[in-house]
């Protein structure tokens, strides 16, 4: 169980240094660090908050889902010259991918961590506009969406998904959908650095050297030309949460979804338009889908149509028209 210490926020800041940040895929924080703008990438901290044992209770406030570094006055929820303007990695729906963060040797607070993808593109787009800083309400709405779109440990077959040794059964933190660090006071392989058991300086921090923390996640059945992968680490030792984002592209989700539509007819109803007929698919290839708002075409996603989709019976789909699909 977690011991209670009466300690002021000012004392905490004076005595505890170095923490952690997302490194793979390259987070906005990592890119800021590599550009020489962020002098302490492991220091984007949401504090003081109730981080434990209820790991989802705290509001993200100014930090938002992508983090705010008060040391350098950088808000990563808004794209800058060196981050957020374009994707840094391309995934395919259903991929199993390795993700990694870096914990500082002088700030390994133990606890639990998670990853998420928000599938509300309209909301995510607010974090992709270099001319707009999301409000705190929008930041919290996005974080709620990331929690809803959690990429669970158990989504990856064969991955060990244990309960935190610093959390007791019946506590809110007693869950194994999140990833856990090792016991905070373990004699060896302690805390988050014990997850990989890597060498000191296996990743870069600015305080005392870093240790990698590596896991695997499954990319959801979702397609986006530019979205966000959010990393969140809740500290066990301190009232702190660390939030970071990376900017991926996700391809291929719509192909799977369309196959489900054809086979099961489980999508919406629009009697005017039907898949494979009114849309005029002309064979295998990539088609570009558009959504029209007030007569202006807004790109929605790419559709990878293969032969297994084409000969199926046509079914109606809501919200699309003949002009919404163009062959590239």
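Keep in mind that glycine also has a Cβ here, set from the backbone N, Cα and C atoms.
Features as listed in Swiss-Prot:
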type: SIGNAL; residues: 1-18; note: signal peptide
type: BINDING; residues: 19, 109, 242; note: Cu(2+) binding site
type: DISULFID; residues: 40-43; note: disulfide bond
type: CARBOHYD; residues: 54; note: N-linked glycosylation site
type: DISULFID; residues: 66-245; note: disulfide bond
type: DISULFID; residues: 102-203; note: disulfide bond
type: DISULFID; residues: 118-145; note: disulfide bond
type: DISULFID; residues: 153-161; note: disulfide bond
type: DISULFID; residues: 167-173; note: disulfide bond
type: DISULFID; residues: 181-192; note: disulfide bond
type: CARBOHYD; residues: 306; note: N-linked glycosylation site
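Here the features listed in Swiss-Prot are placed on the structure.
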{"residue": "19", "record": "Cu(2+) binding site", "Cβ contacts under 8 Å, 6 or more apart": "42, 43, 45, 103, 104, 107, 109, 240, 242"}
{"residue": "54", "record": "N-linked glycosylation site", "Cβ contacts under 8 Å, 6 or more apart": "172, 173"}
{"residue": "102", "record": "disulfide bond", "Cβ contacts under 8 Å, 6 or more apart": "20, 21, 23, 42, 203, 204, 205, 210, 211, 212, 213"}
{"residue": "118", "record": "disulfide bond", "Cβ contacts under 8 Å, 6 or more apart": "65, 124, 142, 145, 146, 148, 149, 227, 228, 230"}
{"residue": "153", "record": "disulfide bond", "Cβ contacts under 8 Å, 6 or more apart": "159, 161, 176, 177, 178, 179, 215"}
{"residue": "181", "record": "disulfide bond", "Cβ contacts under 8 Å, 6 or more apart": "108, 110, 111, 112, 113, 164, 191, 192, 194, 195, 213, 236"}
In the chain carrying residue 40 (disulfide bond), residues 6 or more apart in sequence that have Cβ under 8 angstroms from it:
69, 71, 72, 206, 207
Using the CB centroid of 19, 109, 242 as the Cu(2+) site centre, which other residues of the same chain sit with their CB within 8 A?
20, 42, 45, 103, 104, 107, 108, 111, 233, 235, 238, 240, 241
State the count of C-beta atoms found within 10 angstroms of the C-beta of residue 161 (disulfide bond), not counting that atom itself.
16
State the count of C-beta atoms found within 10 angstroms of the C-beta of residue 109 (Cu(2+) binding site), not counting that atom itself.
25
Sequence gap of 6 or more, C-beta under 8 Å: which same-chain residues meet both conditions with respect to residue 167 (disulfide bond)?
52, 53, 112, 173, 174
List, in sequence order, the same-chain residues at least six positions removed whose CB sits under 8 Å from that of residue 66 (disulfide bond)?
28, 75, 76, 77, 127, 228, 230, 243, 244, 245
Disulfide-bonded residues: 145, 173, 192 - member with fewest neighbouring CB atoms within 10 Å:
145
